[in-house]
Amino acid sequence: MAPTHVLRCCQRGLAWIPVIFIALVVCWSYYAYVLAVSSLEGSGETESDVVYLIYFHLSFIMFVWSYWKTIFTKPANPSKEFCLPKAEKERYEKEERPESQQEILWRAASSLPLYTRTGAGAIRYCDRCQVIKPDRCHHCSACDMCVLKMDHHCPWVNNCVGFSNYKFFILFLAYSLVYCLFIAATVLQYFIKFWTNELPDTHAKFHVLFLFFVAAMFCISILSLFSYHLWLVGKNRSTIEAFRAPVFRTGSDKNGFSLGFRKNIVQVFGDQKKYWLLPIFTSQGDGLTFPTKLVNADAEQATVTLHPEPNKSAADVPVSPLSDSQNRLLSNDQHANNIEDHLANNTLKSGRTHQ
C-alpha cells in the first residue's frame, strides 16, 4: 500500500509541471512587456503607450482570472441518488452473471432521469465509483472520479474540464488568444527594429525577440483549439461525444443533445448575456439532466420510457419529468406551437361559420 500511495503522490506532483510552466511563461511575458519593452528608447512616453498598457493589463487580468477558475474549480460529480442502495450494491457485487447485474441496475435506474445507454443498450455504470452514470457523465482515470458532462482531462490546467468549469475553459482559451494577439501586434514594431538594428543595445531587445516568437507560437496553437471548442459549443457536444456519439433508446445520435445554435450557446454561457464574458458560473442545468431531441420530439409527454433490449429481462425504465432548466429551454418553442395551433383552429372555425 505504501509504495502505491507514494507513487500516487508523485504523479499528482508531476501533474502540476505543465501548470507551473504556463505560470512562469505568463510571469515572464508580463515582465518582458511592461518593464523590458517600456525601457526601450521612445517607449512609455506617448499616449499610445499608456493605452497599450491599459489594454494589456485588462487582457492579462481576464486571462489569469479565467485560467485560475479553470484550474481550481472542482469537477462536479454524480449526486447520491445515482448511487446504488447498500442492499442493491451488495447484491450487485455478489452476482456473477452480467444479465443479473443489469437487472439490478435497471431496477435502481427506474426513477432516474436517464436517456443514454452503453453501446450494447445497457445501463451505464461505473464499477470504480460504484454509481450509475448520468447522461454525458464519464469516468476520468487521471482524476479517478466520474465527472458530469466530461469534456476531457486537460494537463495544462491539471483538471478535468466538464460541466462545472467548461465555460471557464472556453474563456481561458479566448482571453489567452486575445492576450497573445495583443502582445504580438504591439511588439511587432520593436521586432522589426530589432532586425534593422534600430533598438538600443540592451538586454531588453532580446526579450522583445523571444516575446514575439512565443506570442506568435501560442496564437497558432490556441487558435485551432479555441475554434474547435467553439464548434463543439455550437453543436452542443463534448470532445468525447464528438469522437463517440451518445447512444439513446433510438440508437446513437451525435446531435442528440443539440437544441439549435442559440440554445446550445445558452446551455454553456447562460441566458444573461451580460455575464457571458466573465468567468462566473452561469451554465444552465444541474449537470445531471439535459434537454434532448428525444424530448423535443414529444414535448407534451411528461415522461419517456426506456425499454431494455429484447433479450434482456428487465423492467421498463421511466424517465422523470423535465427539470426546470429543460422546461425553460423548451417553453419558447412550445409557446410558439400553441399560438400556431390556436390560430389554425380559429381559421377553421371562421371558415365553417362562413359556410
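Placed from the backbone N, Cα and C atoms, the Cβ positions cover glycine too.
A TrEMBL annotation is a machine prediction, not a hand-curated record.
Lifted from TrEMBL, the feature list:
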- 124-243: domain 'Palmitoyltransferase DHHC' (DOMAIN)
- 307-328: region 'Disordered' (REGION)
- 12-31: transmembrane segment (TRANSMEM)
- 51-68: transmembrane segment (TRANSMEM)
- 168-192: transmembrane segment (TRANSMEM)
- 204-228: transmembrane segment (TRANSMEM)
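Contacts between the transmembrane segment (204-228) and the transmembrane segment (51-68): absent, as fewer than 3 C-beta pairs lie under 8 angstroms at sequence separation of six or more. Residues 29, 33, 37, 40, 43, 52, 55-56, 59-60, 62-63, 66-67, 69-70, 73, 151, 154, 157, 161, 199, 205, 208-209, 211-212, 215-216, 218-219, 222-223, 225-226, 229-230, 233, 268, 277-279, 281 of the same chain, all 6+ positions outside the transmembrane segment (168-192), place their C-beta atoms under 8 angstroms from a C-beta of that stretch. Secondary structure of the domain 'Palmitoyltransferase DHHC' (124-243), assigned with DSSP and counted as helix (H, G, I), strand (E, B) and coil, comes to 67 helix, 16 strand, 37 coil.
On the 0 to 100 pLDDT scale, the model's mean across the domain 'Palmitoyltransferase DHHC' (124-243) is 92.
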